[in-house]
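What TrEMBL annotates here:
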type	residues	note
TRANSMEM	25-47	transmembrane segment
DOMAIN	41-287	domain 'G-protein coupled receptors family 1 profile'
TRANSMEM	59-78	transmembrane segment
TRANSMEM	98-120	transmembrane segment
TRANSMEM	141-162	transmembrane segment
TRANSMEM	204-225	transmembrane segment
TRANSMEM	237-258	transmembrane segment
TRANSMEM	270-289	transmembrane segment
Amino acid sequence: MARGNFSQVTEFILLGLSDTRELQLLFFTLFLLAYTMVLLGNLLIIVTVRCDPKLSSPLYFLLCNLSFIDICYTSVTTPRVLVALLSGHKAIAFEACMAQLFFLHFVGSSEMFLLTVMAFDRYSAICRPLHYTAIMARRTCWALVAACWAGGFTHSIVQALLTLQLPFCGPNTIHSYFCDVLPVVRLACADTALTEWLMASNSGLISLGCFLVLVASYALILAKVRARLSQGHWKALSTCASHVMVVTLLFMPCIFTYLRPAGALPTSKYVCVIYTTFSPMMNPLIYTLRSSEVKESMWRLWKRCRA
């Protein structure tokens, strides 16, 4: 089936992480464990925040949204990877590939924007505590979260349209375990130099821009509190440290992957595992283990469920 006069490719072949059956079973086990941890950990955070009125601050509202995004983000790629590893079926329809590409960037960029908002929340709480309630009012929080989703949608629709306008008429083998703009663009039967630079500018600069904003916000926080490290400020800095861990896990691999044209360097599919699977898995561990309020709320919820 041809797509108009431009494309004869109806499906792509995802080569995955390995052709060795033993390694495929090992990867299946690791991905299944990681996906289970992502689902259970983030669902637990959502239920805990929603059920405990004490966790009503803007930080936990944003954390609840981050957990929802992490579930959506890893669900875009991991279920299909698990099926492919278990069954050996590596083909993905053209339309399904484009949909995966779209939702991957939609949810992924929304998470980047949300992490930037969370850094602004921590800056407001630490550096402007007297105005914090007014700055981060509930209506403002909802507006910021909506802006994150809107920004993610705008970014993703640009990536998808740049990819869909390319002709695909020859090779259809993708050297990865999911559909992403860089490995897909390499298969186009056309000069993609301009498209590659536009995509690098779009994805790469968004990753780099959000990362620089985050680094600047945490630098301002450190400069503000270095002279008066009371117990409350130590607690705030501990929260910021967990945010920095999340930021590093997500942004550095994305900057490495996207801030360059498609043909500049080969994309490491193992680097992609960090931001598609490992980072969403670490988020609940980092936030729950470093937040005494969340751990206490989880314990109260557990005792309530057992009663």
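In case you wondered, yes, glycine gets a Cβ from its N, Cα and C as well.
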Selection from 59-78, 98-120, 141-162, 270-289, the stretch that has most Cβ pairs under 8 A to the transmembrane segment (204-225) = 98-120
Inquiry  = If we skip the immediate neighbours and take only residues 6+ beyond the ends of the transmembrane segment (98-120), which ones have a Cβ under 8 Å from one of its Cβ atoms?
reply    = 59, 62-63, 65-66, 69-70, 72-73, 76-77, 80, 92, 144-145, 147-149, 151-153, 155-157, 159-160, 163-164, 178-181, 184, 203, 206-207, 210, 213-214, 217-218, 243, 246-247, 250-251, 254, 275-276
Note = Model confidence for the domain 'G-protein coupled receptors family 1 profile' (41-287), as mean pLDDT, reads 84
